[in-house]
Amino acid sequence: TNMRLKFPILALILEAVTIVLYALFVVYDTGDAHDGSHHAENKTHSGGPMALYPMFQDVHVMIFIGFGFLMTFLKRYGFSSVGINLLLAAFGLQWGLLLQNMWHMHDGKIKVKIESMINADFSTATVLISFGAVLGKTSPVQLLIMTLLEITVFCINEHLVVGLLKVSDVGASMTIHAFGAYFGLAVARVLYRPGLRNGHEDNGSVYHSDLFAMIGTVYLWMFWPS
């Protein structure tokens, strides 16, 4: 089976499994009660959905535009960077929302609310940080598998560090940023090919690729306070 078949088959299987899990375990939050049990580093303030919607959109811009265009610096990987970033973020949001909230189920159900969606955005950021370490070296199939595994490990690590050990993780510097960076380095080491030790002709940038990468950087800088 070649890559043209492997990728759509894997993507459809993962999405089908996700849809089944959502149908079985996920319901909308009615807003009757607010539990303050979510993690301190990503905690959002209680309030109506519309009060937090601007923050949700700001984080969305960072995930889909900021990280997406930041990765376009490679001269032969612009379309792939933005497209694969969209793919990983879309799947990661769904998977992260499930795993982050399995620790806080009510009557066997996960309640979806704006706070949990914002936190799912944060979980996806770990994958996109790691994406930068393997940019141009991995296929979409490998990246989907990396997303599945990384968010799973991230959610366990986050629950252990913040939920059980009560570590003060300001700005999620340990659970998101350091975790994503070192996970990406580990994946890059596993996929290392000695034949590329002296570099590759496509491992570089040109004027327009740097320009698009600057756009992503500016968006991240603008919306980071959210």
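Positions of Cβ are set from backbone N, Cα and C atoms, glycine also.
As the structure is a computational prediction, the values presented were derived from the model and not from experiment.
Database features, via TrEMBL:
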type     : residues : note
DOMAIN   : 18-226   : domain 'Ammonium transporter AmtB-like'
TRANSMEM : 7-28     : transmembrane segment
TRANSMEM : 51-70    : transmembrane segment
TRANSMEM : 77-97    : transmembrane segment
TRANSMEM : 117-136  : transmembrane segment
TRANSMEM : 143-165  : transmembrane segment
TRANSMEM : 171-192  : transmembrane segment
TRANSMEM : 204-224  : transmembrane segment
Mean of pLDDT values spanning the domain 'Ammonium transporter AmtB-like' (18-226): 89
Non-local residues, at least 6 beyond the ends, that sit with Cβ under 8 Å of the transmembrane segment (171-192): 39, 41-42, 122-123, 125-134, 137-138, 142, 146, 150, 153-154, 157-158, 161-162
Long-range neighbours of the transmembrane segment (143-165), counting only residues six or more past its ends (CB under 8 A): 7, 10-11, 14, 39-41, 84, 87-88, 91-92, 95-96, 99-100, 102-103, 123-124, 126-127, 130-131, 134, 174-176, 179-180, 183, 187
